[in-house]
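First comes the structure, then the notes that go with it.
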Amino acid sequence: MKRVLLKLSGEALAGDKKTGFDEATCADAARQVKTLVDEGLQVAIVIGGGNFWRGRTSESMERTKADQIGMLATVMNCIYVSDAFRTAGMETEVYTPFVCGAFTELFSKDKAVKALDEGKVVFFAGGTGHPYFSTDTATALRAIEIEADAILLAKSIDGVYDSDPAVNENAVKYDSITMEEVLDQKLGVIDLTATIMCLENKMPLAVFGLNEENSIENLMKGEFNGTYVTV
Ligand code: UDP
């Protein structure tokens, strides 16, 4: 793989606190990504917003406004994590699909690919810029746009199971599964819109637990303990 899009779940970044950031988790993600960047891998990043806000769970307000807050939550996440990456010694750029003053740059594929070619880690903040979408959709969209080889999905759970392991103690983890099976069995690895985009555009996924030791590095070394979703 030459270029990947790493999706970090907001929830996983919060660690046990479930909200805000767990500094050690963010610093460790930065350390692992640096190893890969130093080896020449191009890394783009999308971060979810679940550690701050989810539009669809805020029933008391208009959905489009709630989703705007959600998109801004992902901008905060990217600003925080990109700073942790800089502290770890990487160069970063943060792009948004809407103007955010001097905080971020307006997304363009050409600018993002140029930055990746220069060895910078690029962050795609603000989701797609539209309500009713998710950072899963933004992940699929941006991965396809920048012609990534795969999406690396770092979650608070360590792979894809046939049922929810939090509910069913006999849930079985898949080593590998096809995107069509994910769709047919409604496994909810990524949301439906994103799954269909990945299927149509042949974008594979590698799903793993962010909190497992060296999970990002291990994936690239072939010592992977999560689930491959093939296309
Ligand atoms: N969001 C949005 N459009 C996007 C991406 C995100 O409206 O393109 C909002 C939405 O409110 C979502 C929140 O940002 O709930 C956080 O994104 P994430 O994908 O983490 O949310 P989840 O899928 O967990 O609801």
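Each Cβ is built from the backbone N, Cα and C atoms, and glycine gets one as well.
From a predicted model like this one, the values you see are computed outputs, not experimental measurements.
Among ASP38, ASP67, ASP110, ASP149, the residue that TrEMBL places alongside GLY49, THR128, GLY129, HIS130, PRO131, TYR132, PHE133, SER134, THR135 at the UMP binding site is ASP67. For ligand 1, the binding-site residues lying close by, meaning a CB under 6 A from one of its atoms, are GLY10, GLY49, THR128; the full candidate list was SER9, GLY10, GLY49, THR128, TYR161.
In the structure shown, across all protein chains, SER134 is the one of the binding-site residues SER9, THR128, SER134 with the greatest number of other Cβ atoms within 10 Å. For the binding-site residues TYR132, TYR161, the largest tally of other C-beta atoms within 10 A is found at TYR161. Cα spacing between GLY49 (UMP binding site) and GLY10 (ATP binding site): 5 Å, rounded to the nearest whole number. Take the CB of GLY50 (ATP binding site) and look out to 10 A: across all protein chains shown you find 23 other CB atoms.
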